[in-house]
């Protein structure tokens, strides 16, 4: 996640440009709604509110500290900014609840939203709070929860998961070559004393990963910490649930944007957007079958990256991959709330 407290968010102007395609589209309502699904410190939301003075921005975040900071930062916009604490795949519940509270116009149910941004992964604000346990450079409790009220911590994973479960997490979520070896070391060391703080884990990783790999593969803790964070916060599950759910809220012409920082996230986004933007007409037919046309089209050619100039100013922009798409057909658009079977 790109938000840097006190600094310009990654690719801010490009995000405004992409979301603006939906806000300014001919199908946008007079009071368009933008969802900033990963609010952080509020930098992208602030850019949207400044750029589109007729729009309402809904900021979602599971981290109450982020919500408090963003609410203070964006108070000057009054009722044009509303926030809600949730995992980002809870967007439908959030929008419904905000409409019930009168903080969003009820017409959003019918018209949908004009754009959204999801800036995935851990925020710079969270990395800069060592007590949260996200950063391996500072000794801190092995927590890693984006929502401090969630039950699962990184320490619990290390102390209670089986060897096979730990190895799977490190391999799948961290692409760690030495996942099995690290898992064996964790199980062996936790029998002596449970894991509590990050420094001990970092020390174990230095001792376990061969020196040659440490010299060429970046910091030895990077992949393990990433994998633990993804497991603690169920990040990939949330993302997989999110994409079809948020897509149903887009009106024709509205634009959705995802910013990814890990290949796992980007692969999930890429696969989903390709499926959404592909016609259901069987290949080989000379015409598009009615009702089988693609609901969406891609608005970026592949994955866009930050410019060299921006990366030079902000190294955290280096890994970002941006993918955007827009609705071109009302075929799959849903009016919420969904009917529930009796």
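Each residue, glycine too, has its Cβ placed from N, Cα and C.
Taken from Swiss-Prot as is:
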BINDING   42, 43, 44, 61, 88, 119, 126  S-adenosyl-L-methionine binding site
Including all protein chains displayed, how many Cβ atoms other than that of residue 44 (S-adenosyl-L-methionine binding site) lie within 10 Å of its Cβ?
29
DSSP, reduced to three states, assigns residue 119 (S-adenosyl-L-methionine binding site) to strand
